[in-house]
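Novice: So TrEMBL lists the following for this protein:
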ACT_SITE  B:ASP205  active site, proton donor
ACT_SITE  B:HIS377  active site, proton acceptor
BINDING   B:GLY59, B:ASP61, B:ASP452  Ca(2+) binding site
BINDING   B:HIS84, B:HIS86, B:ASP88, B:HIS89, B:HIS151, B:ASP173, B:HIS399  Zn(2+) binding site
BINDING   B:ALA242, B:SER243, B:HIS244, B:HIS373, B:VAL374, B:SER375, B:GLY376, B:HIS377  substrate binding site
There are 2 protein chains.
Amino acid sequence: MSHPHPELSSPGPLAEHGLRIVPLGGLGEIGRNMTVFEFGGRLLIIDCGVLFPESEQPGVDLILPDFEYIRDRLDDVEAVILTHAHEDHIGAVPYLLREREDIPIVGSRLTLALITAKLTEHRIRPTTLLVKEGESHRFGAFDCEFLAVNHSIPDALAVALRTPAGLVLATGDFKMDQLPMDGRLTDLGGFARLGAEGIDLLMSDSTNSEVPGFVTSERDIGPVIEEVVRTAEQRVIVACFASHVHRVQQVLDAAQANGRKVCLVGRSMVRNMGVARELGYLRVPAGLMVEQREIDDLPPEQVVLVSTGSQGEPMSALSRMANRDHQIRITEGDTVLLASSLIPGNETAVNRVINGLTRWGARVVHKGNALVHVSGHASAGELLYVLNLTKPSNFMPIHGEWRHLRAHAKLAELTGVPTDNIVIAEDGVVVDLVDGRASIVGAVPAGYVYVDGLSVGEITETSLKDRRILGEEGFISIVVGIDSTAGKVVAGPEIHARGAGIANADFADVIARVATTLETAATDGITDTHQLNQLIRRTVGKWVSDNYRRRPMIVPVVVEV
Amino acid sequence: MSHPHPELSSPGPLAEHGLRIVPLGGLGEIGRNMTVFEFGGRLLIIDCGVLFPESEQPGVDLILPDFEYIRDRLDDVEAVILTHAHEDHIGAVPYLLREREDIPIVGSRLTLALITAKLTEHRIRPTTLLVKEGESHRFGAFDCEFLAVNHSIPDALAVALRTPAGLVLATGDFKMDQLPMDGRLTDLGGFARLGAEGIDLLMSDSTNSEVPGFVTSERDIGPVIEEVVRTAEQRVIVACFASHVHRVQQVLDAAQANGRKVCLVGRSMVRNMGVARELGYLRVPAGLMVEQREIDDLPPEQVVLVSTGSQGEPMSALSRMANRDHQIRITEGDTVLLASSLIPGNETAVNRVINGLTRWGARVVHKGNALVHVSGHASAGELLYVLNLTKPSNFMPIHGEWRHLRAHAKLAELTGVPTDNIVIAEDGVVVDLVDGRASIVGAVPAGYVYVDGLSVGEITETSLKDRRILGEEGFISIVVGIDSTAGKVVAGPEIHARGAGIANADFADVIARVATTLETAATDGITDTHQLNQLIRRTVGKWVSDNYRRRPMIVPVVVEV
């Protein structure tokens, strides 16, 4: 197996009949999936998603792939193919289209409907091309065939990419539910046909490569949801992802079967299910839906609410219900169903919501105590099927953290892919497919681009480091006014501190020390602001460390009057 | 079931023959366990532990129970009984003894040895009383019988507390391993005997009350560890809790059986295992142990390291190995075994460590992919045994978050404890046992007391709120020097910003706006510093919000010259 090395440098030119593959996101992380393919000087992009920040990135709203690698070559981009409409595959499209609005956006019907709705909110009118499984389309040098895959959102696609360099199969996110709700199976027959033709490189979803066995069918969740709804004493509140059409369908069916009305709560839930219903992906029986204002007029045992907030997002309806900070008041006898996965990093927030809801007397049903969620990603057992059917010459695990990529590589090895033909890359690592052999040839920048409020890319690692220090320790600012001509202090020292956990009265001692430091400095003829700043910083820093064993940010401000 | 209500007020006086129970920690949270019992004006305390902070408490080192309720009555305290030596049961003892050093500390042999070692580091010499299972001791009005329980540290005890108000059984943390490593079973016979005598109140460990079934025996882990060690190609690094003597014993046995030497890494691991070895809880074959400096002289296949850091603590040896920031360099072929639970809240940190280790080529074995950990707390199936054997008249679930307390209450209901006799309390809720009936009678303060560096209790919720804002958004400080007599600006405005993610050059615009605001203020004759601060805050706040959609902390500083 080839491992990337930190010392990788910029790659040399691509061989004439070679295909270059540059993952700008999604390798070494779960999220912001984006891969750039290059052949004959032209580019094709598959997916363009966002990553959600962790606590290490405080205050950040979203993380985008770094477009720097293609910024000067946007005119070379033939198209962006979106495999499905999850945020980690489409969320960065608005930011890419800001740089060139007419890049053709290619996807299935539901995918295009959802990205178009999102782009409308960004006031962008995209150029789109609707494709579906079984079709082939040519984008410049790139000949693409689309294959059905099933996932936790309808209408997902895999892409078989043919160029003179060879045949690449990129699965996108997928699982292999053999009894899917919409009957749309992952096209293993197609995978087998491509395998027979000869796949030069397989790029396959690694998310669940560490999970042994097989994913339970989505269909097995229906009866559990039905039973929860049937046996609930009062209201039922279901929280799930705003894009999980099949899960919502099962909730609607359970409500209908038990004489309950359904109300959708949350902007993205209402928007997405509106789109899904309009396109026929969601079947809504007449008279089933009610508006939120009508709920209070219905007896609690006739109500099902479907809401976002399954990840414990603090501002979501569900979190606010848990805090009694929402017009829907949880009471003894209510049932809350968390019909979704728990995305790593959200454990604490979700636990807080469960405790809050329980405190008010709700019964909380979640994947820890009932079969109310199955993953959208194929497990190891299923990944082996794909590897055996496609028999790739080269293999590159995608969509996953290191642990997942490595586990997937092991599976490939077990199925007989030669160790040397397995490429574990990470974001920015450049892989060339030349003469039937995939190998790492260098690396390009692929850092995090942070979105915070309206700004994109202006928050730097330095800002985040400052935030982490401020968030852990607070700051102490010392303001002094200096008459630079007379060389003496004319105002202050004044202390302004926040988050340092030191009472104002306790600063008297250090104010006196700073004053003494400045007197000494004046005597020594030191008037340079930078030097004075240093002296103040040192005096205050030592005082805090000695007396409190803490290291707040120290911000000396010497104002010349 | 009685539910606490936020509107509970201070309780009235305790009935003459009543027993008052005041949990100051551990109810509504996992950690800082501490319960105060009062009878006839005298107090007895069971446990005195710490809680570890979550991301909501940035910069905090530890959270203590609030001693305020007993602060004026420290002389009434007969003793502090420690059920076992985990931090969440003993960690706050040094802080309590600072307030009265001669409170007798009661515990089993290992518990006293470990708390004494901790207190020595705090330069406190405690008054101790050694007790063991089967013994009874009288502490003033409190007649205490000690019973063996097994847990993830040796020598844990339950306490049966007899006063004229009745018999209370407090289990402490426990599980019911039927084949424990040291043969020391949870004393179900004793529980049954007390049940036959008539238990007026059972207070039982709720940590795993949501987990169905039974905890696997600690003994079943041994063969798995042995196999990992036997099949490892190179070094084996085991991370586990520094107090888990039996787990470490199994690692030592596996190393011995496979001709490997063992090195302990980490201060608390070395200290605790030293104590355990000295007292005979840990059996160390002669010649097995080596020092860290000797490791490099041994072939990798002859080395086992036992380290702390199983929770992904950033400064631990294991985290530093994952970051290649430790003298022990992980290489292809090394095996890392995380032989511990994953404490909620640490998922992201542990995931980061696993990815880091995997990246350098280590095989990481953890409870997600092998049976290398079992819980120290009884599951629902086992809790039912205890409820059925003790047949308590009243039940009060302890040690757990709301979800756990409530699930445990349900189990009690199923075994026939009358619903009205089940008391779900939380920290600070006062429960009186009078005439054989336990009921909630009020509440006392039981807030978080934060330890940060050297200060205890000085960090307030306001400091933490400031830290959260600073950590998410940073700050912008605007410094202006004003000549108060002339009523005009003589220095600044100057901007000092950190973590706000706005480049210095971009502040020119808002500096001009502030200057204009101040000119207008001067014209209007406004010289009051407070008013000027408000004007500056509003000007800058609006500018940031309009241009960046962000809300950093804004700190105006008007210096009068």
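Keep in mind that glycine also has a Cβ here, set from the backbone N, Cα and C atoms.
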Novice: Whole-number answer please: how many Å between the C-alpha atoms of B:SER243 (substrate binding site) and B:HIS399 (Zn(2+) binding site)?
Specialist: 19
Novice: Take the binding-site residues B:GLY59, B:HIS84, B:HIS373, B:VAL374, B:SER375, B:ASP452 and keep those with a Cβ under 8 Å from any chain A Cβ; what remains?
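Specialist: The binding-site residues close to chain A are B:GLY59, B:ASP452.
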Novice: Compute the C-alpha separation of B:HIS377 (active site, proton acceptor) from B:HIS244 (substrate binding site), stating it in Å without decimals.
Specialist: 13
Novice: In whole Å, how far is B:HIS244 (substrate binding site) from B:GLY59 (Ca(2+) binding site) when you measure between their Cα atoms?
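Specialist: So the alpha carbons of B:GLY59 (Ca(2+) binding site) and B:HIS244 (substrate binding site) sit roughly 27 Å from each other.
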Novice: So, three-state DSSP: helix, strand or coil for B:HIS89 (Zn(2+) binding site)?
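Specialist: It is helical.
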Novice: Would you mind pulling the DSSP three-state label for B:HIS244 (substrate binding site)?
Specialist: coil
Novice: Using Cα-Cα distances with a 10 Å cut-off, which of the binding-site residues B:ASP61, B:HIS84, B:ASP88, B:HIS151 are near B:GLY376 (substrate binding site)?
Specialist: B:HIS151
Novice: So which one is it: of the recorded positions B:ASP61, B:ASP88, B:ASP173, B:ASP205, which has the fewest other Cβ atoms within 10 Å?
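Specialist: The recorded positions B:ASP61, B:ASP88, B:ASP173, B:ASP205 were compared, and B:ASP61 has the fewest Cβ atoms within 10 Å.
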Novice: Say you check the Cα of B:HIS84 (Zn(2+) binding site) against those of the binding-site residues B:ALA242, B:HIS244, B:VAL374, B:SER375, B:ASP452; which is nearest?
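Specialist: Smallest Cα separation from B:HIS84 (Zn(2+) binding site) among B:ALA242, B:HIS244, B:VAL374, B:SER375, B:ASP452: B:HIS244.
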Novice: For the binding-site residues listed here, B:SER243, B:SER375, which shows the highest count of neighbouring CB atoms within 10 A?
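Specialist: Result of the Cβ crowding comparison: B:SER243.
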Novice: How big is the gap, in Å, between the Cα of the residue listed as 'active site, proton donor' and that of B:VAL374 (substrate binding site), rounded to a whole number?
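Specialist: The Cα atom of the residue listed as 'active site, proton donor' is 16 Å away from the Cα atom of B:VAL374 (substrate binding site).
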Novice: Return the residues near B:VAL374 (substrate binding site), defined as same-chain residues 6+ apart in sequence whose C-beta is under 8 angstroms from its C-beta, sorted by sequence, else 'none'.
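Specialist: Within the chain, B:VAL374 (substrate binding site) has Cβ neighbours under 8 Å at B:VAL215, B:THR216, B:SER217, B:GLU218, B:ASP220, B:ILE221.
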Novice: Select the closest residue to B:ASP88 (Zn(2+) binding site) from the following binding-site residues, measuring between CA atoms: B:ASP61, B:SER375, B:ASP452.
Specialist: B:ASP61
Novice: Which whole-number value in Å describes the distance between the Cα atoms of B:HIS89 (Zn(2+) binding site) and B:HIS244 (substrate binding site)?
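Specialist: B:HIS89 (Zn(2+) binding site) and B:HIS244 (substrate binding site) have their Cα atoms 15 Å apart.
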Novice: Taking the Cβ of B:HIS84 (Zn(2+) binding site) as the centre, how many other Cβ atoms fall within a 10 Å radius?
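Specialist: The Cβ of B:HIS84 (Zn(2+) binding site) has 26 Cβ neighbours within 10 Å.
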